[in-house]
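What follows is one structure encoded as structure tokens, with my remarks underneath.
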Amino acid sequence: MKIGILSRNQSLYSTSRLIEAAESRGHEVKVIDALRCYMNINSEKPQIHFKGEELVDYDAIIPRIGASVTFYGTAVLRQFEMMGVYPVNESVAITRSRDKLRSMQLLSRKGIGMPITGFASKPDDVKDLLDMVGGAPVVIKLLEGTQGIGVVLAETRKAAESVVEAFMGLKANIMVQEFIKEAGGADIRCFVIGGKVIAAMKRQGAEGEFRSNLHRGGSASLVKLTPEERKTAVAAANIMGLNVAGVDLLRSDRGPLVMEVNSSPGLEGIEKATGKDVAGLIIDFIEKNAATKRTKTRGKG
């Protein structure tokens, strides 16, 4: 098969592992920088050009689109969909999961466990907003944040009010969530492919750090999931419409709570913590599904 990987840097661990896994199975692979693509949008023959050449005859596309290029990256992916190329994750599913508020609303509508969450732009009553989520301590997030950037733990009401007011001054949309103390600064990353959890790791925040992101010095280790955690992770990925997803859970006194559903989960942490060939499993999934062009929206989204 001819597989394209939408990635801005082919030396990144995840991208290079996907290239290696695809080539070892005899596939032709090309890394495509979505920002350098340009499109011919027409009703007869939609086209994508890259480095002066038309991109043709691709069987599948693996989107590894960074958060900062979501808009243009998903537009390029949508164009591939319109050309009949099989997307590992569809453009509409990626945009759905990248919007933190939209994804929380979709998960809550389906009864998925999550921390009590408030959302605000310019609240005229910050005290009431904090009361709504159970008071301090609270976690306050900028809606556009990634890798733990723009996430603050406010341990007292006074600190929480100050942070909310500061974020409002940035004209930023903010999310206020209850702090799950019993999680102990750890979360669980469940890697879902095709409706199954194929690997899971526990990420523990560095000493004195409540954020467990590996980019922030957290550590990863193998973890055994409960049946409920497995079921929750699969349901969250399905609600987003993602074939490949990293679902982040917190262990709470009331069961697993979904923090985030990531449409472009990194492979390095999970492969090193579990010893599993996750890149190979993604290529296996493509082999089973791309031939039949099984995509729900066919570029309609």
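For all residues, glycine too, the Cβ spot is worked out from N, Cα and C.
Annotated in Swiss-Prot:
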DOMAIN    104-287  domain 'ATP-grasp'
BINDING   Lys141, Glu178, Phe179, Asp187, Arg211, Ser212, Asn213  ATP binding site
BINDING   Asp248, Glu260  Mg(2+) 1 binding site
BINDING   Asp248, Glu260  Mn(2+) 1 binding site
BINDING   Glu260, Asn262  Mn(2+) 2 binding site
BINDING   Glu260, Asn262  Mg(2+) 2 binding site
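Structure with Swiss-Prot features highlighted.
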residue	record	DSSP (3 states)
Lys141	ATP binding site	strand
Glu178	ATP binding site	strand
Asp187	ATP binding site	strand
Asp248	Mg(2+) 1 binding site	strand
Glu260	Mg(2+) 1 binding site	strand
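Asp248 (Mg(2+) 1 binding site) has Asp187, Asn262 nearby among the binding-site residues Lys141, Phe179, Asp187, Asn262, counting only those with a Cα within 10 angstroms of its own Cα. A sphere of 10 angstroms centred on the C-beta of Phe179 (ATP binding site) encloses 17 other C-beta atoms. Rounded to a whole number, the C-alpha distance linking Glu178 (ATP binding site) with Glu260 (Mg(2+) 1 binding site) is 15 angstrom. Cβ neighbour count for Lys141 (ATP binding site): 23 (other Cβ atoms within 10 Å of its Cβ, all protein chains included). Around Glu260 (Mg(2+) 1 binding site), taking its Cβ as the centre, 20 other Cβ atoms fall within 10 Å, counting all chains. Straight-line distance linking the Cα atoms of Glu260 (Mg(2+) 1 binding site) and Lys141 (ATP binding site), rounded to a whole number, equals 12 Å. Remark: of the binding-site residues Asp187, Asp248, the most isolated position is Asp248 (fewest other Cβ atoms within 10 Å of its Cβ).
Mean model confidence of the domain 'ATP-grasp' (104-287) amounts to 90 (pLDDT, 0 to 100 scale). Distance from the CA of Asn262 (Mn(2+) 2 binding site) to the CA of Lys141 (ATP binding site) is 16 Å. On a Cα basis, Asn262 (Mn(2+) 2 binding site) lies 14 Å away from Asp187 (ATP binding site). Around the Cβ of Asn262 (Mn(2+) 2 binding site), the same chain contributes Ser97, Ala245, Gly246, Val247, Asp248, each under 8 angstroms and 6 or more positions distant in sequence.
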